[in-house]
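The next block holds one structure in the form of structure tokens; read it before the comments.
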Amino acid sequence: MSQPVLVLVDHAGGALRPITAELLTAAARLGDPTAVVVGTPGTAQQLAAELGRHGASRVFAAEGPDAEAYLITPAVAALAAAAAQTQPVAVLLPSTIDGREVAGRLSARLESGLLADAVDVRLAEDGTVVAEQSVFGGEYTVHARVTVGTPIISLRTSAIEAQETAGTAEVVPVELVVDPAVSARVVAEHPEPAGDRPELTAADVVVSGGRGVGSAENFALVEALADVFGGAVGASRAAVDSGYYPSQFQVGQTGTTVSPQLYIALGVSGAIQHRAGMQTSKTIVAVNKDPDAPIFELADVGVVGDLFTIAPALTEAVRERKG
Amino acid sequence: MSDPLHVVVLVKQVPDTYSERRLREEDWTLDRDATDPVIDEIDTRGVEAGLQLVEEHGGEVTVLTMGPERATEALRKALAMGAARAVHVQDDRLAGACALQTSVALAAALRTLAPDLVITGNESTDGRTGSLPSMLAERLGVPQITSAKALRLDAATRSLSAERVHDSGVTEVTATLPAVVSVNEKTNEPRYPNFKGIMSAKKKPVSVLGLDDLEVDPARFGTGATSTTVLAGAPRPARAAGETLTDDGQGNSVATVVEHLVAGRLL
């Protein structure tokens, strides 16, 4: 049996988030995937079959009322307890806001090195864990390893394709001890209403608007093109700062980094700030009226022209094509 | 609260994200000479959050940074905004420090300051690990509220409440001081230093602390003791030059775009 690799299970209300299967797939490259579920009693049992199908051979159940009453520290406690029991080759977590925070605390508690936002992991010939990271918005790819303690690695959403196996997982309880004195308490949760569009980081197609879109109302053109692809809508910082679109949709260095199959930039000039958030996209299409706009240096297909003519025509053409 | 509030805000000097950033090819670490250093934009929001709290409840803001000598510029900006004093952790043995080493040094510096509240940016724009606030909270043995907005302090009960923005919504949380809070881009709009602030910043005290001034094990520091090592790196392969066409004003380019999408199996 290979060495255990701990995976923090990301779930909401008893449903797995897609990153969990990606983490288990990554864990299988390093050793024996071992899931750690932090939740209210019964959660691990409910998730065990699905976790097993994605490669987990064991599921540690760290369950109790504290799991959802406090922020971050329950997951840290559960992972620390599981690590003490299993001496894992690595601990893998989602590179979400919560995941990275759990990783930070765990790294200090275990005095172990942390590699954040990895896009791939592998086991080197000498048995060490190597993580691949895409830094500075994809300007560089680096391979790094942890040299102190147990490697703690957070994995970027959608970086690895999840695989299924025919496995089943056995549930093992682990004690959940949370110190209220060092924990922030949850008063209320307000989940974001799930819109019809996919999340920016998970979308295969992203259509972004920039300053050239000109107004909040005109973003309807951007949305319409995104919707025919079933894609997500993004915005450049200039568009967000001008109040055209809400800041959570900002793509760029100070916003979200995306790497979709297709990125369509409408009226985006392509400042470095924006390019850092999208230049690892597989195919880039840009429409801008300024032939000197830097976005054209990146574009696989660049169109110098009026987005108010081209975007609706493209929307119509794609709709026809898709039938 | 009987005692005045002491807030410590962490600031960091980072390469300007509006300029091209490079990694040194010898060791794949950040080439800090290749770019213009600026105070991390997110940290000015941290300073603003600290100032708002002491303006409401009384007390003082201290700014803390770790970095080479020129990081003083980031401290001066924060002092000009209204912080009372600054502490600069500066030691050659901290060059190239990893996140874990940084957290050891900063936690030791924070212990000497004994703040009620530590405020940081949620992630720096150069490192982007977003892990330092939680590492500090763990080392100090205090609660943390990250990505906080709508910060409110009940001085009588020393209870801090905030809305925490995360990937799938917003959580209302509370924590008892002392605590670590990180702010995000939506937390507030930072004030601009005025002329009076800039002038008075020059007279405000900046104390420099080296590793020997802190209760830390010196063996943990130095590039030989970092917790992570970069093995290899490569710049992004240049994108193959694409095709640029000029639309005739009637949308004649659309057919070509569609052809490309079909050829790339995107349609």
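Along the chain as shown, the residues are counted starting at 1.
Cβ atoms here come from the backbone N, Cα and C positions, even for glycine.
Annotated features in TrEMBL:
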type    : residues                                        : note
DOMAIN  : A:5-189                                         : domain 'Electron transfer flavoprotein alpha/beta-subunit N-terminal'
BINDING : A:R211, A:236-237, A:250-254, A:267-274, A:N288 : FAD binding site
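Under DSSP, A:Q250 (FAD binding site) is assigned to a strand (E or B) in the three-state scheme.
With the fewest other Cβ atoms inside 10 Å of its Cβ, the least crowded of the binding-site residues A:V268, A:A271 in this structure is A:A271. In sequence order, A:S236, A:A238, A:A239, A:S242, A:Y244, A:G267, A:V268, A:S269 are the residues near A:R211 (FAD binding site), counting only same-chain partners six or more apart with C-beta under 8 A.
Proximity to chain B (CB-CB distance below 8 Å) holds for A:Q253 among the binding-site residues A:R211, A:Q253, A:V268, A:H274. Counting Cβ atoms from all protein chains shown, A:H274 (FAD binding site) has 30 others lying within 10 Å of its own Cβ.
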